[in-house]
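Enquirer: Have a look at this one before I ask anything.
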Amino acid sequence: MGRGRTTTNARTNPERGARDASRAQATASKSKARSADVSATGANLKEWNPKSWRQREALQQPNYENQAELEEALKVIANRPPLVFAGEARDLQEKLANAAAGNAFVLFGGDCAESFRDFTSDNVRDTYRVLLQMSVVLMYGSGVPVVKLGRMAGQFAKPRSEDLETIDGLSLPSYRGDNINSCEFTPEARRPDPSRLVKAYDQSCATLNLLRAFSNGGYAAMTRVSDWNLDFMENTERGSQYEDLAQRVDAAIDFMAACGIDETHPSMQETSFFTAHEALHLGYEESLTRLDSTTEEHYGCSAHFLWCGERTRQPEGAHMEYFRGISNPIGIKISDKSDGEGVVSLVKKLNPDNVPGRITLISRMGAAKLREHLPRLITAIEDAGLNVLWVTDPMHGNTIKTDNGFKTRPFEAVRDEIMAFFEVHEKMGTYPGGVHLEMTGQNVTECTGGIMDVSVSDLEKRYLTHCDPRLNASQAIELAFLMASELNDMRRRRAAQ
């Protein structure tokens, strides 16, 4: 089951069989080449340090007026405790390796961009609860454990297409996230302020305290999580199907209790929950980079999992320089514009030892483009013999602007891209390892559609996002039921082969 493959054999999947035969002929030479690459990389890592990115071109960084103030803020953060620990990141990497092998499924979820204004314990709790409920549904449908990662406790900074935003003839710096500036359109609010980095650290620390308490203090108990709120599904055909699945999940929990695995069992009381964000602000990431005393390896201790967006993954750029030296599991966003050779080269650069669980490729394309372009990227990775976890981001390729000026994402388009992702991997004989969603536990109206049938005219009612539109709680749970059903069908088809 290596390299993210399912158990589909060459006879049932001729395309896979041909690729495997071709790859087998080159195994010896590739092994020798990889050994040489590893030796070279070991030497190169000696030249790496948490500051070496500063010698490269760093894109999407804010332009601070006072560099001394910035360095002072970063010094304050560097003297604070790490937000996460190296051992936790290693634990996550093992779980991601299992997912890449088809033995787990990964759920990323949370805000597009966290904000200072909306930070409350209730908001953190509500998003956490929805993610737990989604994971239970997905676990039941897929038949494998679900690895839960929150876009929380650090998902502040956002890349922007333009450095300036112009309204009524006035041009000001673009809003880049609450850890950099404010979304209010005034000269003072849009000025990058280094003190916001310290405030973002403090909020991330508070968020992590809540998440750890929820995960280990009884809030994650299976009996509590399965206390479904399905009122939004009443009196609909699809809703009755979801309620039936929820009842089957409840029946499974009751069965485990009858077998002695009840609410007092640790596995029913606690859960593992990890944090993730885009490592965009390199000064902030540098200040939270720590040397692990047990392994003598550096870890980015701002989150368990860090990813690099498509705008900043230049092979010789500052972000790739930073990423190559930390030992966290990391993600790379890819799109229909990505070429196979370039992606293979980048994966080798960041994971020369081909360690399972180290690299996650997150596709963001839109359903039609995904069906056209993802197969060639899968083929390139498989032919190179690389270990990666495949995850889909069905949000960014489906953003549209309505006539009344709102950015939105149609629920049906998000659903279609996920189903296309499953379809392509099943055809290729590889494993669709997870999904990456921008969502909230709040009852917002930012994405249209879903069982609640949010319309374009509804968007203005509760459009609260600071950046891009998010799925609301009911849309996120509905999506989990849809994915669970498809994963269950895929599992049955594999078993029948």
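Every residue gets a Cβ built from N, Cα and C, even glycine.
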Enquirer: Hey, TrEMBL has phosphoenolpyruvate bound by R151, E310, R311, K333. Any idea which of R125, R176, R358, R364 it lists too?
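Expert: Candidate listed by TrEMBL for the same site: R364.
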Enquirer: The record names R151, E310, R311, K333, R364 as the residues that bind phosphoenolpyruvate; what is their largest Cα to Cα distance in Å?
Expert: 19
Enquirer: Fill in the CA-CA distance, C112 (Mn(2+) binding site) to R151 (phosphoenolpyruvate binding site), as an integer in Å.
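Expert: Distance between the two Cα atoms comes out at 8 Å.
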Enquirer: Please work out the number of neighbouring Cβ atoms within 10 Å of the Cβ of C112 (Mn(2+) binding site), leaving out its own Cβ.
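Expert: A 10 Å sphere around the Cβ of C112 (Mn(2+) binding site) contains 21 other Cβ atoms.
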Enquirer: What's the number of neighbouring CB atoms sitting within 10 A of the CB on D468 (Mn(2+) binding site)?
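Expert: So the Cβ neighbour count for D468 (Mn(2+) binding site) comes to 18.
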Enquirer: Based on Cα coordinates, which of the following binding-site residues are within 10 Å of H396 (Mn(2+) binding site): R151, E310, R311, R364?
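Expert: Correct set: R364.
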Enquirer: Where does C112 (Mn(2+) binding site) sit in the DSSP three-state scheme?
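Expert: SS state of C112 (Mn(2+) binding site) = coil.
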